[in-house]
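K.L.:
So Swiss-Prot says this about it:
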- Gly66, Pro67, Glu68, Ser69, Ser70, Gly71, Lys72, Thr73: ATP binding site (BINDING)
- 329-363: compositional bias 'Basic and acidic residues' (COMPBIAS)
- 327-363: region 'Disordered' (REGION)
Amino acid sequence: MAKDEKKAALDAALKKIEKNFGKGAVMRMGEKADTQISTVPTGSLALDAAIGVGGYPRGRIIEVYGPESSGKTTVALHAVAEVQKRGGTAAYIDAENAMDPAYAEALGVDIDSLILSQPNTGEEGLQIADTLISSGAIDIVVVDSVAALVPRAEIEGEMGDAHVGLQARLMSQALRKLSGTISKTKTIAIFINQIREKVGVMFGNPETTPGGRALKFYSTVRLEVRRAEQIKQSGDVLGNRVKIKVVKNKVAPPFKVAEVDIMYGKGISQSGELLDMAADKDIIDKAGSWYSYKSDRIGQGRENAKKYLEEHPDIYQKVQEQVRQAYGIDEKSIADRENPEKIKEKREETSEENKTDNSEKTK
């Protein structure tokens, strides 16, 4: 077949595919307009840097897992707050029935506009998530947690009944359906997960996450959250030093670690992580226990230096700008990648497609 004939045959095939499956079903890679990754900040500057693209990528699945009381829900709620600050809509599927509105509000979440669901079964929770995402009106949905998405058969059965692999099959089926919709609507889907231990493992890591392997495969970013040490002052425990490891990353190099302070009742200490990041890049000098900025001492000891930054917003802002530039996560580049108008147009297109599909099914 000659070159011109091949081109004509390919064009005819592409037109046929577009006619049958709709515009955009197939395209040349160079034709795609939104080649850059659109992101939303995580609420932690250190985590933005660790993920490598300045925040959570839109239209992707994120898994946040770790031991109990390590800070998983706090990490997710900070993401919800960041989305709402930018005028987005957030949904929270509280399968654990443990949502604390007062704590969420302290982290900056607008609880009046937050869409909350406390489903009775795993099927109900995932169906609600699917319906919300398919609407094209949700910017972020958090499922807390995968381990609490109990299949209906287990809820209705007797205590002690064996339901081998039921939750894994449920998650596998749900993610097959959700992944495409999440991508089209540019929704960030955060799945919080717990840790279990495999029985009889002698060598290697015995820890695993419930819900089967599907979530591991479909996740673009997987974050492991672990407590490192307690933060104490004058004998009182104020919070925990937490390590967030990027164990999987499809948008940037993985295995980077963000260390943050999670303070009781306040969430992630942004002044603390800013101080650490600035000290690492020599923006703030550290000599012994003293911290200095441009030859001016700002505090003896980490907690005093943090307090100084919080009490001097002008210096805080200057240091933050320098840190963003040093780590390549300045807000302008993130805003350029987000391109809100394109995201809005894409959502409207998806919403119209869903309406058309539903009307055709009704006929």
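Numbers run from 1 along the shown chain.
Glycine is treated like the rest: Cβ placed from N, Cα and C.
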K.L.:
Cβ-Cβ under 8 Å from Gly71 (ATP binding site), same chain, 6 or more residues apart: which ones?
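P.N.:
Val225, Arg227, Asn240, Val242, Ile262 - these are the non-local Cβ neighbours of Gly71 (ATP binding site), listed in sequence order.
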K.L.:
Using a 10 Å radius around its CB, how many other CB atoms surround Thr73 (ATP binding site)?
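P.N.:
Looking across every protein chain shown, the total is 24.
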K.L.:
Which residues, sitting 6 or more apart from Ser69 (ATP binding site) on the same chain, put a CB under 8 Å from its CB?
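P.N.:
Counting only residues 6 or more apart in sequence, the Cβ neighbours of Ser69 (ATP binding site) under 8 Å are Arg227.
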K.L.:
Comparing the binding-site residues Gly66, Pro67, which residue's C-beta has the most other C-beta atoms within 10 angstroms in this structure?
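P.N.:
Of the binding-site residues Gly66, Pro67, the highest Cβ count within 10 Å belongs to Gly66.
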K.L.:
Name them in sequence order: residues not among Gly66, Pro67, Glu68, Ser69, Ser70, Gly71, Lys72, Thr73 whose Cβ is within 8 Å of the mean position of the Cβ atoms defining the ATP site.
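P.N.:
Output for this site, in sequence order: Val225, Arg226, Arg227.
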